[in-house]
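These come from TrEMBL:
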{"type": "DOMAIN", "residues": "11-454", "note": "domain 'Major facilitator superfamily (MFS) profile'"}
{"type": "TRANSMEM", "residues": "56-80", "note": "transmembrane segment"}
{"type": "TRANSMEM", "residues": "92-112", "note": "transmembrane segment"}
{"type": "TRANSMEM", "residues": "118-139", "note": "transmembrane segment"}
{"type": "TRANSMEM", "residues": "151-170", "note": "transmembrane segment"}
{"type": "TRANSMEM", "residues": "182-203", "note": "transmembrane segment"}
{"type": "TRANSMEM", "residues": "334-353", "note": "transmembrane segment"}
{"type": "TRANSMEM", "residues": "365-388", "note": "transmembrane segment"}
{"type": "TRANSMEM", "residues": "400-424", "note": "transmembrane segment"}
{"type": "TRANSMEM", "residues": "430-450", "note": "transmembrane segment"}
Amino acid sequence: QLQNKILILTICAAGIGGTFQYGYNISIINAPATYIQAFMNTTWLERTGAPLESNVILLLWSFTVSAYPLGGLTGAVVAGPMAIMLGRKMSLLLNNVFVIIAAALSGFSRMAKSFEMIMLSRFFTGVNAGVSMNIQPMYLAESAPKKLRGAVALTSASFTALGLVLGQVVGLRELLGGEESWPFLLASNVVPALIQLTALPWFPESPRYLLIDRGDKESCISALQKLRGTSDLSAELEEMLAEQAAVKGQRAKNPWELFQNPSLRWQLVSIIVLSSAMQLCGNDSMYFYAAYVFQEAGIPRDKIPYVVIGTGSCELITSVTCNMIIDYAGRRPLLLGGYIFMAGWAIVFMVALSQQTQISWMPYLSMACIFAYILSFGIGPAGVTGVLPTEVFDQMSRPAAYMICGSLLWFNLFLVGTAFPFIVKSLAHFCYIPFLVVCVCTALYVGFFLPETKGKSFLEISEEFKKRNFKTKTRSGFYKGPEEIKTTTL
């Protein structure tokens, strides 16, 4: 029992300063948007004596918002080398420095009369999120026992959703979302960072990292004992030693080496498809529509923030549910189900939007669609996507795989954020067509090409992919005649 407690506490210590920050920082920027824009205008007025034009304010605001994914992209790129050189745990601890800098910048921005500090602060917050989104699932999946690996790594998604909801709650006018208190709201992300800095040092480093990367068997055994207790470690240790032997003499790979390696072809295609789909499936854009749809449904304007909290809670409830069932249901059914349902809801949503003004009950249907879409995303794609790179890559390729995954995730977040307003302008009610296409294609890919990884050791998963990667070669490779014959032209 005590050991389960230690594993649970490790998860909480890693999560609170990890992916929790990603969700929290995405949602706290929404509440004070109008106040920050007004602050930009008054600051400029004081400096130059002329107010800013509305389109310039909008441009500055979009810079502020897009600084976050750009920071995330930077974080995703440095996360790989950090995980290899400093270890998983140390990287998570050092990562808090970025948030502390960000909190100081945004907290004092009004006092210093500088809106540039807010932009810089959002960039550093993004770097923190980029690092933790990559390293936290890696750290947890490497520390978890095989039968709980999916559930433990998936807590990353639950912490993201928890961050989203708490960010929405703290951003309410009654708490820190008022005109006077927005600098404190933006600086409040320092609290989770301080909690992690006090809690995480007490817990062990990833045993796999200690044994396979560092070659330190003693530390690995002591870390395992802390995490597993008195239970028999021989089977697990044997499995790790087998993996160590399999990668013996190799060094940690760089991202471009993964592209050159034919034995990693399907793994790479799988994580590229799934990481891209996670942002391109339109889930985040649902939040963009939420306020408009709720207003159409007749919810008073001042009550909308409370209903929006409901959408965040949906994602939280489903990711916790997904946590409980992933190691029973498996990875594939959850991904497949999630994307199929999202495709279905996207069609209903577009029909509902187009009939919004004609039929009196349509706003309620589109409201239901928003909740259903977010629920479908939370049950599969939201969590499983982050678990897969840990499972389908070996110890030497894993950090590089997460760098590719993370970079795609942030680049696509930036892309959707920038392009979505234009998509809405040009396609109006049918703005979900691009997302529908993404959901259908991803569901087809998962259905036909992705093997199940539930309950398998890392080596077994590697073997399964090896068969796929070299399937074509074994078919044509029956004739083992002289080499020259192959190059003879007839």
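Including glycine, each Cβ sits where the backbone N, Cα and C put it.
Predicted automatically and left uncurated, TrEMBL annotations should be read as such.
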* Asked: Can you name the far-off residues of the same chain, 6+ from the ends of the transmembrane segment (365-388), with a Cβ under 8 Å from a Cβ of it?
  -> 133, 137, 141, 149-150, 153-154, 156-158, 160-161, 270-271, 274-275, 277-278, 281-283, 286, 289-290, 293-294, 296-297, 310-311, 314-319, 321-323, 326, 331, 334-339, 341-342, 345-346, 348-349, 352-353, 356, 442, 453
* Asked: Per the 3+ Cβ pairs under 8 Å rule, pairs at least 6 apart in sequence, do the transmembrane segment (92-112) and the transmembrane segment (151-170) touch?
  -> no
* Mean pLDDT for the domain 'Major facilitator superfamily (MFS) profile' (11-454), as a whole number? -> 90
